[in-house]
Amino acid sequence: MKIAIAQLNPIIGDIENNAQNICKAAQIAVQREARLLLTPELSLCGYPPKDLLLNASFVEMLWAELEKLAKTIPNNLTVLVGTVIENPNAYNEGKKPLFNSIVLIENQTIKQIFHKRLLPTYDVFDEDRYFEPGKESNFFQLSSNIPNTKPLKIGVTICEDLWNDEEFWGKRNYENNPIQDLVKYGVDLVVNLSASPYSVGKQKIREAMLKHSAERYQVPIIYTNQVGGNDDLIFDGNSFSVSRKGEISLRAKGYQTALEVIEYEQNNEDLKTSYIANTLETEEEEIWSALVLGLKDYATKCGFYKAILGLSGGIDSSLVAAIAAEALGKENVLGILMPSPYSSSHSISDAEALVKNLGINSHTLAIGYVMKAYDFLLEPLFKDTEFGVAEENLQSRIRGNLLMAIANKFGHLLLSTGNKSEMAVGYCTLYGDMNGGLAVISDVPKTRVFSLCKWLNRHQEVIPHNVIVKPPSAELKPDQLDQDSLPAYEILDAILDRLIHRHQSVKEITAAGFDYDTICKIVKLVNRAEFKRKQAPPGLKVSDRAFGTGWRMPIASRRKLD
C-alpha cells in the first residue's frame, strides 16, 4: 500500500489557496498510485494561526472550505487534513473553544475527526490559549486497494503527541503518551502530522526520537512536517519515515515543498525503504538554508519583492546581503553605502567589493553634511557637553532615516542587519540600525556569523576576505572597535549561550571558568537592553531560544544577580 507525504507551505489565513494546494497534492498522489495522503498539522489554515482563531467567522470559513475540499478528493484516495474544529461543549463545560484536529476525508466525505492530545504551551507555542486537548486515542481502518489483504489500522498523532516518550527524554512532560496508548490498540502504523519549527540541530533530535519510539514499540512511523516561513518561525519540512527496526526508510528534502511516496509492505508489516535525501552536512548549511527560506517567505507572503539594506563594509550587513540575493534574486536587492567622516577607506572598498561579488544594485549617500546639519541644530542644547553616545548614535539614526525613506518611496522591504550578540547586550541603536521590517540574523551570534561567511566562501569568494579578517567596528567615532565596549565575541557568545540557552546562573557560569566581573557586566547589559528588543523588527528564529515570540521578559523590572 502506497502512502503519500505532502510537505506543504501554507500561507496563514489563505484558506482557499491552501485548500487548492492540498487538492493538487491529492491529484499527484493518485497519479503515483497512493492510497493515503498525509498533510501537515493545520494545513488548511497554516501554523500558527494565532489570534485569527478568536474570530468565529474564520473557524466557520475553515469548515466551509473543508466541505468543498472533500468534494474534490478522488474516490480512491483517503486524505488526512489538518484544521481547526469547534468544540461544541466549550461554553457549557468551561472548556477551550477549539480543537487542533485532523480530518479524515474518504469517498469525498468527512468520515472521522481526530483531536490533538498534547498541547505545547512553552517557548513559541501557545496552544493552550485556544485549544482543548483531545481525550481519546486516534486511529482508523484503511482498506487496501490490493485484493485479499486485510485493512491497515493506522494511529494518528499530531506533532507534540510524539514528544512525550519518558524513556527517550528521561521524563514525561504530560500525563499521557499517545503512541503508547495506540500500541495497546494494535495499530500497524503510526502517522504524525506536524508543524514543527526549525532550530539548529532539531532534525537530528526528531529522527533520534522517532527511531527510538519505532524500535521501542515495534511500529513504523511516518512524520509529515510543514515547510516555509511564517513570521519569525521557519518550518524546515524534512519529513521522514522510520521502520519498526528504527531505521530511516524515507527522507524528503528540507526547506522546499515536496511530495514523496512510501510503501507499506503488508506481508512484512513494515515500511519499504524508499527515497532518502541526504541530510545537510553542516550546521552552517542548514542555518543558511533556513535563513534564505525565512526571508524569501516573509517577503513574498507580506507582498514584498525587493529588499533594501545598508552596507557598512562589515560582516553582518555582508552576510544579510548575501542571504537576500539568494532569497530574492540579486536584481531585487539594493545596498546603500552611507559613509561618514569616521568610515575607513577599507569599509567603503569592502562594501563595493561585496556589491560586485553578489551582483546586487547599490547607491552611495555620504552623510557628512547631514551630520553637520544635526550638529548645527543641536548645538544650542549640546554646547558645553562632551561628545558621547548621543552624537555617535546620530550617525546610525541618520542612516536609518535615509533607508526608511528609500524603502517607503519604492515599496522595498528594509532589512535590519544586527546579530544576536549585539541584540542581547543592546549594542545597537534604537531607530537607527535597528530600523527595518525584518531582522534577518538577529538570532545568529557573532561567532556564527563568521563561521557562516567562511562556509559561504568555501568554493569562491562571496564575502570579501578583508571583511572576515578585520576587527569588527561600528565606526561611530575615530579608531573605534567593538572590543572597546564588549568582551571578545568568543567569550561573549559563550557566556550568552549559557545565560540564554542553558538558563545558567552567574554562579554556574563562573564555575565553568568565566570571569565573574565580565559575567555580571553581560547580565546587566542583557537585562537593560530589554526595551530595545521589544521595539526591534521580527527576527528569524534559528536557535532553540530566540528574542522573538518565545522570549517573554519584563521591561520595567529589577532583579538581583544570582
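Cβ coordinates come from backbone N, Cα and C, glycine included.
Whatever TrEMBL says is automated annotation, not expert-curated.
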Which single residue out of Thr417, Thr429, Thr447 does TrEMBL record at the ATP site shared with Gly310, Leu311, Ser312, Gly313, Gly314, Ile315, Asp316, Ser317? Thr417
Per TrEMBL, member of Lys116, Lys202 binding L-glutamine alongside Tyr122, Ser196: Lys202
Please report the number of other Cβ atoms within 10 Å of the Cβ of Lys532 (deamido-NAD(+) binding site). 20
Excluding Tyr122, Ser196, Lys202, which residues of the same chain place their Cβ within 8 Å of the centroid of the Cβ atoms of the recorded L-glutamine site? Pro120, Asp123, Val124, Phe125, Trp163, Pro197, Ser199, Asp544
Rounded to the nearest angstrom, how far is the Cα of Lys116 (active site, for glutaminase activity) from the Cα of Asp316 (ATP binding site)? 41
If you count, for each of the binding-site residues Ser196, Ser312, Asn393, Thr417, the other Cβ atoms lying within 10 Å of its Cβ, which residue has the minimum? Asn393
Which are the residues of the chain, Asn393, Glu422, Lys532 excluded, whose CB is within 8 A of where the CB atoms of the deamido-NAD(+) site average out, their centroid? Ser396, Gly418, Gly426, Tyr427, Cys428, Thr429, Leu430, Gly432, Asp433, Met434, Ala529
Asp316 (ATP binding site): tally of other CB atoms within 10 A of its CB: 23
